[in-house]
Amino acid sequence: MLMTKPPVPQLNLTAVHEAAERAARAIPPLWPLESSVAVNPFLGQIGEPLAVAAARLRRVAGAAVTMPRAWYAERIASGELSDVDLAAAIDAATPTTRPLTIAELKRAAQMEIAPPQALPTVADLASAVSGFDWTGFVAERISAWASGYFDRGQALWAAPKGPNAYAAWRLTATHDLTPEIFSITGFAADVAAAPESADAALIRAVEQLGLSEAASESYFHRLLVGLGGWAQLARYRLWQAELSGSTDTTVTDLLAVRAVWDSALLRKYQPQIAAEWTDAINGYAQPLQPTEDDQINAILQDAVERAAQRKLQTVLTASSQPKPEDRPALQMAFCIDVRSEPFRRALESLDPRIRTLGFGGFFGLPIAHRRFASDVVEARLPVLLPPRVTTSCSGHTHAHEANDRAKRVAARAKRAWGRFKLAAISSFAFVESMGPVYVAKLLSDGLRPGTRTTNTDPVPQFDPPLALGARVDTAEAVLRAMSLTGPFAPLVLIAGHGASVVNNPHASALHCGACGGFPGDVNARLLAGLLNDPEVRTALAGRDIAIPADTLFVGALHDTTTDAVTLYDADHHSPAHAAALAQTRDWLATAGALTRSERALRLPRAATGGAIARRARDWAEVRPEWALAGCRAFIAAPRSHTSGRDLQGQAFLHDYDWRKDTDFSVLELILTAPVVVASWISLQYYGSTVAPETFGAGNKLLHNVTGGIGVVEGNGGLLRSGLPWQSVHDGERLVHQPLRLSVLIEAPHEAISTILDRYPEVRALFDNGWMHLLALDDNGRMHWRYGGDGGWERADNPPANQRVASFE
């Protein structure tokens, strides 16, 4: 039977291609496991407010963007969410859609609403009329091909690549008889007859499906969301290409592949689903319009976040012991990561002469690094930036060269052994014969107290070396950005951070996000070396940064899983600092013990801090640490505003003194780099909590690595992105409360506005409510609140129209 389709006007090919490009950019990127970093799952929706994003993601993903109503009702009933918070959220909402009274909002919170439903694809409709899961079948066939195409060396037989993803899929699909076996007659022949380019194939599929131009973008977005992590991995390729000034077509190639499948299924089931498919096309073509429930959910979410800000204000205004003004005995710079906050608080409590500060964990060094005995280049910087400097740990001595050769031989042997274990002809025999050998290692790792294997690479160095002028400029820029221009302690530690876990495919996600998913030790050691350089210090003195001759900078690594700190003092041998280093090691050990005891209260089955190290080496432990769960605030201000306050490991802390930032260049850096990185982290946790099926990685217990790039649940299926459920839930309750990030900055709000005007993509995050922005006064109190569209309102003295009485 010939397939008939609804009549549509002549397609505007340019419009269809533009719709495909917009749909591709609505998908967030997914970094491979080796350098996994947190990504904002709403990256493609930052140009629209939460309620509009809710309407869009309901249409294309069937996903919620807020919690169930009962979650808000519980907080109202407990008093955590007060009438003041509800009133303020109502007042901030769009006047034409907000409920009139607090009472109405409370009643709405008591009413559960239907879960969101996505518009159907042809595969969905075919599944409904046939009783066969065509949606799952299509996902399985695409995943089977994609896991080979994107493979990074895990597969023993390489899949055909072709010049691009679409061409590679055609090579496979024209020989794959699985669709024929499952009754899609002529599928392979149809693929063979399809156009050779993805663009032409997509146009052909659009014509066969009878899509209108108005429906194309939403339909394309729907198909890409249905591909899960595969579409996001393709989006990563586009992201990386654009960082280097080129482009990549893998996302639209996958879109064409998925559209061909729908076209084939429509040919088979058109008589049964014609009317439903026409309705679906009309639904895709409708303008986005948030419902009343979308608006109410957005108001309730805003109210919960205002309640959290009110609680944070109470903590920040609590009194604390002032620090003495004399020269500190120890200064220690940490990454702004929320996991450093409890350690910093514990360390400072040991001696009033200890100062800590926070800065982005790549420490201002945008490096592409090659480790010792390796040719792999690691981008150890925020994924928002391209590397600008190359570094290595190659070393030049005879001993280093011999060690390099030995490590390379060992690495090759390890790879060969791994391939032997996985080979089709040897894998079963391997398990039978060699399995008992691994019992000793399992017992050793499970029972022996955990000790982290530290990085023993030679001292990292700029390769090629930087000229003196570049070294001085870099050192000055970093010190001023850290607000570290004096006085300097005799010992200054630059501490990156990493994690020590075993049997965890997402291990890189526990490392430093500002270092691209790698530990921060290399950046810390490089900066320490730069600041110990006598020529650099001499030049810095001429720029009003005088570093005393007795000040030693030492790189360090904070293990966030065990709270042990490794010092790389051997990089800069200094007998004069032996006593200071010994005292510092004692302080660090004590601070680590205090921090572990605090963290043990939150970790399941970790009654004491002593259990932390054991958990780090437990192959069966799914929660070795909580990582950044609980993150809710970013504070850029002098440390005096947060020192001594218990922020419960929930705040990113960036030292910043606007009085030293005469041209506000440091403020610009903060708003455009660490704030954006923190938003990605915060919103990944948010998305993985409110919609774990769509934005989360599923059950960690079922994860299998595929292609060396990502995880699937079980033995196949779609690539999963986001956080595993165990990263936000302890088995009984949520440990991460889904709150959009509150950004608190001590700086004139006019200066903040000026910078936002120069960066529309950053401003969009605040204009559309994906983050809150508050300006602090000189005492650390929330003084101004950003209201969107460049406007500010007083945060400490609500206007009359925010009074609770006006809504009752």
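Heads up, the Cβ atoms here are built off N, Cα and C, so glycines get one too.
Listed features, source Swiss-Prot:
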BINDING   Cys335, Asp337, His497, Cys512  Zn(2+) binding site
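Neighbouring residues of the recorded Zn(2+) site, listed in sequence order and excluding Cys335, Asp337, His497, Cys512, comprise Phe334, Ile336, Arg339, Ser340, Gly361, Gly496, Gly498, His511, Gly513, Ala514, Cys515, Gly520, His558, Thr560 (Cβ within 8 Å of the Cβ centroid). Secondary structure from DSSP puts His497 (Zn(2+) binding site) in a beta strand.
Secondary structure at Asp337 (Zn(2+) binding site), taken from DSSP and collapsed to helix, strand or coil, is coil. DSSP classifies Cys512 (Zn(2+) binding site) as strand under the three-state reduction. Cβ-based neighbour count (10 Å, all protein chains) for Cys512 (Zn(2+) binding site) stands at 29.
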